[in-house]
Structures are given as C-alpha cells and as structure tokens.
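Right, one structure below, let's go through it.
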C-alpha cells in the first residue's frame, strides 16, 4: 500500500508536461536523462530513509536517557516501578504504527517506528543556517507548485471553453496556434478569459488557505482514480492512432536547446523525498524497503517512457501542448465528446483537490520558520498575514505567465534540485556523523543506504551544484539571444 501511495505521489502534474519536454529535447537525450535522474532520485530516497532511521535512533536514545533520570528520581520519591512501566508501555503503543505494536521483542534502535518529518530531521542534524536554508528551499518549491497549479486550471478551462465556441469546437489539438490576443467570446480575448478563470479559481479555492484541510481521504481516492483513467486513456488513444498509421510525429534524436526544461520537468516528476516520512513509517516490515522502492522507480520510469514515446510519435512537435491532456480535445483524435471534455478538464478536477493541501502545507512551513520557543502569534498574523503571503505570490506569478513548461522547469531545476539532491545528501552525511558521535564508530544503521560510500554523497552534491550552474547559465544565454 505504501508503494502504491508512492507511485501515486510521484506520477502527478509533472507527467502531463513531460511529452512536450521530450519532443523539444529529442527522444535519445530525453530517455538517457530521464533514466539517469530516476537513478539519482532513487539514491537520494535511500539517503532520506537512512536519515529517518538515524533520527529514530537519536529520539529513542534520548527517551531512554530521560527514563533513566526519571527512574532515579522516582525511586527516591517512592513511585512504584509498575506505574512507570504501565505508563511507558502506553506511550510506546500510542507512538508506534498499529502493525508494529503486535511485534514481540525489543526493537532495533534504528527501527523506523516514529514519523520524523524532513524539517525535524533538519533541526536535529543541521546547524541554524542549514535549518533556515532547508525551510527556504521547501517554501520556494511549494510556491512553484502553487503557481503551476494556479496556472494549469485556468489554462485548461480557457483552451476547452474558447475552442468550444463557433466553428472551432474541435480545434484545440489540431495544430492551430492561438495568440493570447485572439478572440475567445465576442470582445473577450483568450488572455482575458484565462485571467477571469484565474480570478474564479482564486476566489473558490483561496479561502481554504485560511483554514485547515482535513479528512481528504475520499477526495484523494477519487483524484487517484481519475488520474489513472486519464493516463491510461491517453496512452491507449495514442497507441491506436499509431497502429492505424495516422501518427504524425517525427522526433529528433537530440536537441540541446530543450535540455534545460527537460531537466526541470524530470526532477519535478521524480519528486517524493519531502513526503517519504509519511509513506515509509507506517510500513510494518521494512527489511526490503530499498528493493521495493527500486521496483517502484523502475515501474515509474517505464510508465513515463511509455507516455512520452507514444506522445512524441503520435503528435508533431509543434502541435504538442504544454498540458498533454489538451491534445485529446481534437475530434480527429477522439470523436466521443465526453472523453474529449473529460481529458481536457482533467487537470481542473485533480489539481483543484491538491491546491488547498499544498497551500496549507506552505502556510505551516512559514509558521515553523518564524516560530520561537514558547512564543505564539497574534491572531491577525496567524489567521491573516501567513495565509495572505502564502496565496498572493503564486497567484501573481500565474497572472503574469501561463507558460506551464517553463514554470515546471524552473521549479524543478532550482527548488526541486535542492529538495531532491542537496538536502538528502547533507542529511545522510550529517546523520552519519551524529550517529558515530552518539553511538560510537562501530554502530551500523540497519537502514544504511546501499550507496554507503562517501563518494556517492560527494557525487550527488557536485551534481546538484553543477545543475544550478548549468540551468542558470542556460537561462542567461537564452535570454541574451532574445
């Protein structure tokens, strides 16, 4: 179940922008880069699992030390041992996952039984500067996420509704290129329609940022089902079109100019490191967790390759849309109106359910960053200021641009790079140092990464920093050409 959740978490919005990024960079370059980035993401996933085990060991050790001190005090104050044992047993049962409570015998000190989020791990293993940099990176990534979501929904609505009028009712995916200044309905231009939809989206979903979002289980189940129906439909429809000899795509092998966006899209599409504590902790038997996660990554890589290859051979490069679902709103591809509208509006349904959850997560990260021990925020700051600084910037970005490929590319290439490569590598390095200091150099973490040699950490760090330089240089060069 944990691995199904991980699959669902990774295969999200990024996958919808991947086909166009594949087409722009060339199929061979894309396949090599996708495989390499999948391998890098798997490596840093094992680093996070190792750091989670080290954090659990440290917390368990501190509790044992505290218990010893309390027992010494209790023995002098006359509290019975049985009272201490009963209370201790109750606390352990409350903090452990339900499945592991039944197990007998004392657990290994590195057993992952307590959920330790990345922010908590950062505060345990990093210094103050490192903790602030961690939160800065997470916040920038979540802002990028919200900007992508805020742009994707109005873009889909604009493309579907503007093309559903007059004699253009089937022309979204037919290769006709529309400018933002083209008419949509009467005097209203396409860009005006986009901004009207953005305003409606903000008014409908923005207020959730000011409250807590809870009990979303059924919403998430519905979203997952819709996602899988949409992805499978797109793959089948593209395969049918290719098998009938109606394929129009002639992708090149390599185009270096498209690598920057492809890199960002691929990093964004393999993102799961920040959610690993919630996914891995409830799994009862974690002995083979790294092998099972590897299987997950292989399946995801195969799925991304299938989706992208069917797309680039089915459609010409210049007709592939930023949001791949919009290619299927053309009558020539599918003449069933319901399927056309379902795929065209698919991002509207799925992204709208995720937007409030991401917004609340970002708001809480802002609160944690500025939190001081024992301090509380005034009501206005807590209920108005934090939600406002969460909601306004991504909406402004979406108002200024709806270039989804660039938004995904930049978010993945910068903040995604930090969360997926740099933070896990530093967590692994610092947790190993702390473990040796606390438990001695001979202690072995049972969840030690298969990439245990320091070379791999150095390799990930060099790769991460060189990606920053490469992407920045590419942006500067492409801007100077313009």
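Each Cβ is built from the backbone N, Cα and C atoms, and glycine gets one as well.
Just so you know, TrEMBL annotations are computer predictions that nobody has curated.
Record features (TrEMBL):
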type     : residues : note
DOMAIN   : 6-52     : domain 'Amino acid transporter transmembrane'
DOMAIN   : 119-451  : domain 'Amino acid transporter transmembrane'
TRANSMEM : 27-57    : transmembrane segment
TRANSMEM : 125-144  : transmembrane segment
TRANSMEM : 194-213  : transmembrane segment
TRANSMEM : 225-242  : transmembrane segment
TRANSMEM : 292-313  : transmembrane segment
TRANSMEM : 333-362  : transmembrane segment
TRANSMEM : 455-477  : transmembrane segment
Counting Cβ pairs closer than 8 Å, which of 27-57, 194-213, 292-313, 333-362 has the most of them with the transmembrane segment (455-477)?
27-57
How about the transmembrane segment (125-144) with the transmembrane segment (333-362) - do they touch, taking at least 3 C-beta pairs under 8 Å (6 or more apart in sequence) as contact?
yes
In terms of Cβ proximity under 8 Å, which residues at least six beyond the ends of the transmembrane segment (333-362) contact it?
12-13, 16, 139, 142-143, 145-146, 149-150, 152-153, 156-157, 159-160, 170, 172-173, 201, 205, 208-209, 211-213, 216, 219-220, 222-223, 226-227, 229-230, 233-234, 237, 241, 323, 325-327, 387, 390-391
Same-chain residue ranges lying at least 6 outside the transmembrane segment (194-213) that approach it to Cβ under 8 Å:
150-151, 153-155, 157-158, 180, 188, 352, 355-357, 359-360, 363, 383-384, 387, 390-391, 395, 398-399, 402
